[in-house]
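S.K.: Annotations per TrEMBL:
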TRANSMEM  A:26-45  transmembrane segment
TRANSMEM  A:57-76  transmembrane segment
TRANSMEM  A:107-130  transmembrane segment
TRANSMEM  A:142-161  transmembrane segment
TRANSMEM  A:181-202  transmembrane segment
TRANSMEM  A:235-252  transmembrane segment
TRANSMEM  A:272-298  transmembrane segment
TRANSMEM  A:310-329  transmembrane segment
Amino acid sequence: MADSATTHPATKDPAKGPALLSAHSLARHGAWIALALLILFNLAFTPNFATWQTLNVNLTQVCAIVIVAVGMTLVIATGGIDLSVGSLMAIAGSLAPLIFMGKILPLPYALGIALAFVVPVLVAGAFGWFNGWLITRLRIQPIIATLVLFIAGRGIAQVMTNGNLQPFKTPEFQFIGLGRVFGIPFQAVLMIVIVLAAAWMLRRTVFGRQILAVGGNERAARLAGIPVVSVKRKVYLISGLLSGIAGLIVIARNSAADANLVGLGMELDAIAAVAVGGTLLTGGRATVIGTLLGALIIQLVRYTLLANGVPDAAALVAKAAIIVLAVWLQRPSQG
Amino acid sequence: MNNLNTLQLFRGIGRYGVLIALLLLILFGWLRYENFLGSFNVLTVLRYNSMFALVALGMCFVIITGGIDLSVGSTAALGSVVAAMLSPYGLVPGLLGGLLAGLVVGAINAFVITRLNILPFIATLATMLAASGCALLLAGNQSVSVSYDTAFIELGQGDVLGFPAPAWIALIAYLAGSVVLNFTSFGRTVLSIGGNEDATRLMGLPANRVKASVYMASGALAGLAGVILAAQFGAGQPIEGVGWELFAIASVVVGGTLLTGGVGSVGTTLVGVLLLGLIFNILNFENGLGWISLSAYWQSVIRGALLLVVVAVQAKLASRTEDAHP
């Protein structure tokens, strides 16, 4: 895979003989192959598959997941996990309407809209930074540290809005979820920009290499002089910021913010996309493009099943099978 | 010697700190609210929290081995649906059906984790989705009414010797769990896997078999929690159980069990469950007083804050023990 980046390939799979090579390369390109097969299957069997509408439906379903999953990829690359993403989406999603509807401060319309884009994302970022602080300063395991905000974060969003649905009709704000650029949904453009930026960063920048080094071997990274603490705080900050953006997209798309539902279960969707995409869950090897493919595969399988009359519940079982199969195929070979 | 003392101190605070917190909370409630320790309130709290207690017990064992089980919530949902569907045939078929459904999910977890060598986090994430899908398919996307003609509902709503039936089930399960963990070779192997899995294997202990049993037990207990859920609320609920896994993890952690595995206690897990459960109860009483009106949404904020305090204290103590012997 083009952007697959590993710190120490030699230490990751030390006893990889030529016999394993074909299986290994199959695993590396598995995501592309699976996606291609899915598209071919749909072209052959699903009516009206090759239409703009199908593309748009699938893209809008997947954008928020991919944006969150990019942050999750970076977190997992350092050997961590972020369970709080869904709750942070709820916080950002609940805060934005409060701002542009003037419920906190009566603001001029345009300023309210502008702040509604900026402040919720920054707040979500601040909570993300707090996750990183807990993990690095108090040395709490990522799964527990982010569990705190997973539980409390949605509560904060619910308390802010008293649990009420906030419906709105604000085209300028909703551009982030409903707008189009040359016929392409704006959220898809945003998603692609974020994916490309993150993929470039992970592969081409010092920070990206540091992320992988921390995930590959934290002790070694520290001894090599890599600022482990600051790298970790930054990835959780990024994960928080991206969750905030995803929260805004979701409420803009729904024309309503519901603190009980925005981002519910998102942490699992994002982790599933990362796992299917071929990022190593123990850290040290990560691929942002793979995460995009993983999310597309999961979405396309669901769409294929639904379009061919399989109930949604059965699609859940299929999703479970895909996750296990993908992780099993891509597991690092046992030494 | 110094190392031993600090380690004992750390464990002691982990063990008794949470118990002291629970007692303080009960004292607070007793002094502040009328009828807080009245039998109606006490029995209602016990009846309701017994489901979570069962799930947390399984989670406790899993976490002691250094693993995690995210599938318990949807396994409970699946168990409740199966139990509700079998409830017209009587108490025993309903009970066994729910248990068996949970056991099957647990067995799949065990297979994927020990045979396919997939991380527990991902394996149980997948079975969480699968169990939820199966529950929805079986139930046809709606809740399944429980038959009131048989004794099945007694499992959730009945009393034995004046004590709620589900609370008896949870109590017996905890006593059994405590004996297994502390006084059997199986229990010692569970602890040793969490301490160092490779060393356990090299010592010739059946690490894989014990790990598999732990996940199967966790599944069965979640299925049992589902049976109680169905019996208590009169319906099998395929969409219930969302977030139970994280509540269970929080209870286990609040109870002082380390997520890194190797250290843990069954008794304090129960205390953790009751502590988190009482917060909701106290919030209700507080609103009943009429001084303030806190929405139910505050309970998750308070639970999160409590979890934060506990892990922060644990982290401080842990770093102090580390400093004692670097």
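Placement of Cβ uses the backbone N, Cα and C atoms for every residue, glycine included.
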S.K.: What stretch of A:26-45, A:57-76, A:142-161, A:272-298 shows the most Cβ pairs under 8 Å to the transmembrane segment (A:181-202)?
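M.R.: Looking only at A:26-45, A:57-76, A:142-161, A:272-298, the most contacts with the transmembrane segment (A:181-202) come from A:57-76.
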S.K.: Using Cβ atoms only, state whether the transmembrane segment (A:272-298) and the transmembrane segment (A:142-161) have three or more pairs under 8 Å that are 6 or more apart in sequence.
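M.R.: Between the transmembrane segment (A:272-298) and the transmembrane segment (A:142-161), contact is absent.
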S.K.: Would you confirm whether the transmembrane segment (A:310-329) and the transmembrane segment (A:26-45) meet the contact rule of 3 or more C-beta pairs below 8 angstroms, pairs 6 or more apart in sequence?
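M.R.: When sequence-distant Cβ pairs are counted, the transmembrane segment (A:26-45) touches the transmembrane segment (A:310-329), since at least 3 lie under 8 Å.
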S.K.: What parts of the chain pack near the transmembrane segment (A:26-45), using Cβ distances under 8 Å and only residues at least 6 beyond its ends?
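M.R.: That would be 1, 4, 276-278, 290, 293-294, 296-297, 300-301, 303-304, 307-308, 326, 329-330.
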S.K.: Residues sitting near the transmembrane segment (A:142-161): Cβ under 8 Å, six or more positions beyond its termini, same chain?
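M.R.: Residues packing against the transmembrane segment (A:142-161) from afar: 75, 79-84, 86-88, 90-91, 93-95, 98, 127, 130-131, 134-135, 257, 259-260, 262, 267.
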S.K.: Where else in the chain does the transmembrane segment (A:107-130) make close Cβ contacts, counting only residues six or more beyond its ends and a cut-off under 8 Å?
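M.R.: Beyond its ends, the transmembrane segment (A:107-130) has Cβ neighbours at 82, 84, 88-89, 91-93, 95-97, 99-101, 149, 153, 170, 172-173, 176, 233, 236-241, 243-245, 247-248.
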